[in-house]
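Copied over from Swiss-Prot, here are the features:
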- Cys73: active site, proton donor/acceptor (ACT_SITE)
- Cys183: active site, proton donor/acceptor (ACT_SITE)
- Asp10, Ser11, Tyr42, Gly43, Asn74, Thr75, Thr184, His185: substrate binding site (BINDING)
Amino acid sequence: MDNRPIGFLDSGVGGLTVVRELMRQLPHEEVIYIGDSARAPYGPRPAKQIKTYTWELVNFLLTKKVKMIVFACNTATAVVWEEVKEKLDIPVLGVILPGSSAAIKSTISGQIGIIGTPMTIKSNIYEQKIRDLSPQMKVRSLACPKFVPIVESNKMNSSVAKKIVYESLSPLVGKIDTLVLGCTHYPLLRPIIQNVMGPDVELIDSGAECVRDISVLLNYFDLNRSRTSKVLHHRFYTTASVASFKEIASDWLPLAIEVEHVTL
């Protein structure tokens, strides 16, 4: 047993989609979350800068004595997850492999779409993982750089959001039966994405799939929080506006949360 919290990092609020799933599947675990909204989105940034920013988030979580770190950010996973995983002596999980595996299990036609930030798509990491696991799969990748700013500005339900999603996804419509939401911000746009793609296209939430791996590793390393420890103290940190973070989180998480501003 290990009552230390699980650390989550993201470029902003998108990783809350992963935290929500953790709270649903593993409600006894405690969360510490850091979202770097002040420097979001990470996707258009150079790899070197993404690496620097991500290490700052990792080091922040380490000061909080976490027992595991979850990269709730596809861009950071694509750029620096392997490096961090090799250097730390606690488990470090990313969202890309779980999402890739789920897409392969879901598809019937073998036609899979990937949407993500420019850096995630440029890295080809989803395509590589999918083809490593199942070489016969046909993968279509599409960068959607306008999606993260919509979410970070809390305009998910606006007419502008609907227009941008429709225009962005049109190259994939009618060509795939499975679509990986390759950015943890994107599930916040899920209803619009589903409407554009149609009811027959299965949407894969890579962050939600990651939580299943968290559960496996907690069991494997005997890191589960004691079920007799009833008091949970979830802590959330943002590098930008606390009010904006709370507003988005209130629509997404099943409880009121404590949020603090932090400067990295």
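Cβ atoms are placed via backbone N, Cα and C, with glycine included.
Annotated features taken from Swiss-Prot, shown on the structure.
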{"residue": "Asp10", "record": "substrate binding site", "Cβ neighbours (10 Å)": "32"}
{"residue": "Ser11", "record": "substrate binding site", "Cβ neighbours (10 Å)": "32"}
{"residue": "Tyr42", "record": "substrate binding site", "Cβ neighbours (10 Å)": "26"}
{"residue": "Gly43", "record": "substrate binding site", "Cβ neighbours (10 Å)": "25"}
{"residue": "Cys73", "record": "active site, proton donor/acceptor", "Cβ neighbours (10 Å)": "36"}
{"residue": "Asn74", "record": "substrate binding site", "Cβ neighbours (10 Å)": "36"}
{"residue": "Thr75", "record": "substrate binding site", "Cβ neighbours (10 Å)": "33"}
{"residue": "Cys183", "record": "active site, proton donor/acceptor", "Cβ neighbours (10 Å)": "32"}
{"residue": "Thr184", "record": "substrate binding site", "Cβ neighbours (10 Å)": "33"}
{"residue": "His185", "record": "substrate binding site", "Cβ neighbours (10 Å)": "31"}
Over all pairs in Asp10, Ser11, Tyr42, Gly43, Asn74, Thr75, Thr184, His185, the listed substrate binding residues, work out the largest Cα-Cα distance in Å.
12
Roughly how many angstrom lie between the C-alpha atoms of Gly43 (substrate binding site) and Cys183 (active site, proton donor/acceptor)?
9
Cβ within 8 Å of the substrate site's Cβ centroid: which residues qualify beyond Asp10, Ser11, Tyr42, Gly43, Asn74, Thr75, Thr184, His185?
Gly12, Gly14, Gly15, Ala40, Pro41, Cys73, Ala76, Thr117, Thr120, Val148, Cys183
Between Cys183 (active site, proton donor/acceptor) and Asn74 (substrate binding site), what C-alpha distance do you get in Å?
5
Using Cα coordinates, what distance in whole Å links Thr184 (substrate binding site) and Cys73 (active site, proton donor/acceptor)?
6
By a three-class reduction of DSSP, His185 (substrate binding site) is assigned coil
